[in-house]
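Participant: Structure below; questions to follow.
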Amino acid sequence: MADEPLILGIETSCDETGVGVVRGHTLLADALASSVDQHARFGGVVPEVASRAHLEAIVPTMQRALTEAGVTLADVDAIAVTAGPGLAGALLVGVAAAKGYAIAAEKPVYGVNHLAAHVAVDTLEHGPLPEPAIALLVSGGHSSLLLVDDLARGVTPLGATIDDAAGEAFDKVARLLGLPFPGGPYIDREARAGDPAAIAFPRGLTAAKDLVAHRHDFSFSGLKTAVARWVEARQRAGEPVPVADVAASFQEAVCDVLVNKALDACRSRGVPTLVIGGGVAANSRLRAMAEQRAARHGIRVRVPRPGLCTDNGAMVAALGSHLVASGVAPSRLDLPADSAMPLTTVGV
Ligand code: KG4
Ligand code: ZN
């Protein structure tokens with residue numbers, strides 16, 4: 001609707017420079033420049049390389065987004081920017097750019113939480129999020145279960161990973177299987193030709209004794225080690241590693257735990273809506289398994305399309321739009337970038 005506020009969102013927390021434009025819940029532009037190819041040979045994101053790439057990409061990406069949306073900066077009602085968590089230098093580029101554009105065009109600026117933006121992005125595809133909802137947030141740096149009572153004002157963490165994030169586990173297992181970085185999409189692809197029941201890998205923090213203290217928490221480092229030991233044993237025996245079967249069995253173990261714990265959180269809180277966000281939410285098996293198992297319990301699963309699950313500017317614009325619509329005040333112009341911003345802070 002033309003009378004809804006026009007919000008621009010800037011994302012630079014990791015290796016994607018993203019600028020998105022939304023009007024209300026309608027996505028108008030989602031421009032992205034990735035430095036992933038520059039990090040691939042290091043097997044992980046190099047912070048200094050990422051910061052420099054953001055510096056080079058931010059202005060052209062901004063221009064592309066405005067052109068794609070068919071608007072000018074003067075038309076924009078507010079600018080939202082990821083203020084944390086993320087890589088300090090990378091965040092600074094986006095925050096400085098947002099402040100510059102905000103001052104030049106006399107617009108309010110909203111510094112927002114990257115993780116809350118991964119939840120908010122779903123509103124661009126499925127409309128307003130029914131609250132309360134349970135959110136399963138699975139990215140390269142975070143794995144959490146959240147109770148979302150009011151996304152504009154704060155979320156309640158129910159549990160989180162006690163070691164590796166889900167995406168990190170995908171990336172590390174991909175590496176030991178000789179697949180490129182970032183490994184998640186490659187494991188997803190390999191797994192399609194594999195047997196998910198070929199190898200019984202462990203499901204972390206699901207034993208009865210673990211559920212007492214860690215009912216809503218995750219652990220993936222034991223799984224990663226189990227995969228490494230299994231692969232090493234094959235190599236020592238001089239046998240070929242069945243990459244597709246290992247990928248499928250590993251992926252099945254991760255998804256099994258994520259889905260069961262998310263649905264358990266929904267049931268224990270009597271919440272009928274599960275929203276899944278973050279890069280790992282792009283995983284085809286996670287999406288299918290969540291749909292299937294949720295249906296048995298009458299729980300509705302909302303997952304944005306894969307392109308909106310991984311980092312982008314549209315998610316930041318979506319959260320900014322939600323904050324504006326909820327009457328939340330803008331940030332001060334001296335807002336800091338906070339690389340360790342807690343999950344409970346939605347906007348600064
Ligand atoms: O949310 P995101 O783009 O960046 C962070 O905020 O961390 O998530 C990146 C993570 C990486 O670990 C990547 O391997 C994983 O998401 N990922 C996937 C898939 N696509 C991306 N993991 C599993 N399956 C996928 N299809
Ligand atoms: Zn992310």
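Any Cβ shown, glycine's included, is placed from N, Cα and C.
OK, TrEMBL features for this one:
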type	residues	note
DOMAIN	27-317	domain 'Gcp-like'
BINDING	H114, H118, D311	Fe cation binding site
BINDING	L137, V138, S139, G140, G141, D171, G184, D188, N283	substrate binding site
Participant: Determine the binding-site residues, out of L137, S139, G141, G184, N283, D311, lying near ligand 2 in the sense that the CB is under 6 Å from one of its atoms, and give them in sequence order.
Facilitator: S139, D311
Participant: Can you list which of these binding-site residues (L137, G141, G184) have a Cβ closer than 6 Å to ligand 1?
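Facilitator: Near the molecule: G141, G184.
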Participant: In the same chain, which residues outside the set H114, H118, D311 have their CB within 8 A of the centroid of the CB atoms that define the Fe cation site?
Facilitator: E11, S13, C14, T82, L115, A117, S139, G277, G278, N312, M315, V316
Participant: Over the domain 'Gcp-like' (27-317), work out the mean pLDDT and round it to an integer.
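Facilitator: Taking every residue of the domain 'Gcp-like' (27-317) together, the mean pLDDT is 97.
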Participant: Give the distance between the Cα atoms of H114 (Fe cation binding site) and S139 (substrate binding site), rounded to the nearest whole Å.
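Facilitator: Taking the Cα atoms only, H114 (Fe cation binding site) lies 11 Å from S139 (substrate binding site).
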Participant: Work out how many Å separate D311 (Fe cation binding site) and S139 (substrate binding site) at their Cα atoms, rounded off.
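Facilitator: Here the two Cα atoms are 9 Å apart.
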Participant: Counting all other Cβ atoms within 10 Å across every protein chain shown, which of the binding-site residues G141, G184 scores highest?
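Facilitator: Result of the Cβ crowding comparison: G184.
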Participant: Fewest other CB within 10 angstroms, which one of the binding-site residues H114, H118?
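Facilitator: The binding-site residues H114, H118 were compared, and H114 has the fewest Cβ atoms within 10 Å.
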Participant: Measure the Cβ-based neighbour count of L137 (substrate binding site), defined as the other Cβ atoms within 10 Å of its Cβ.
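Facilitator: Neighbour count, Cβ to Cβ under the 10 Å cut-off: 25.
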Participant: Determine the minimum-neighbour residue: among S139, N283, listed as binding-site residues, which Cβ has the fewest other Cβ atoms within 10 angstroms?
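Facilitator: Comparing Cβ neighbour counts within 10 Å for the binding-site residues S139, N283 gives S139.
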Participant: At the Cα level, what's the spacing in Å between L137 (substrate binding site) and H118 (Fe cation binding site), rounded?
Facilitator: 7
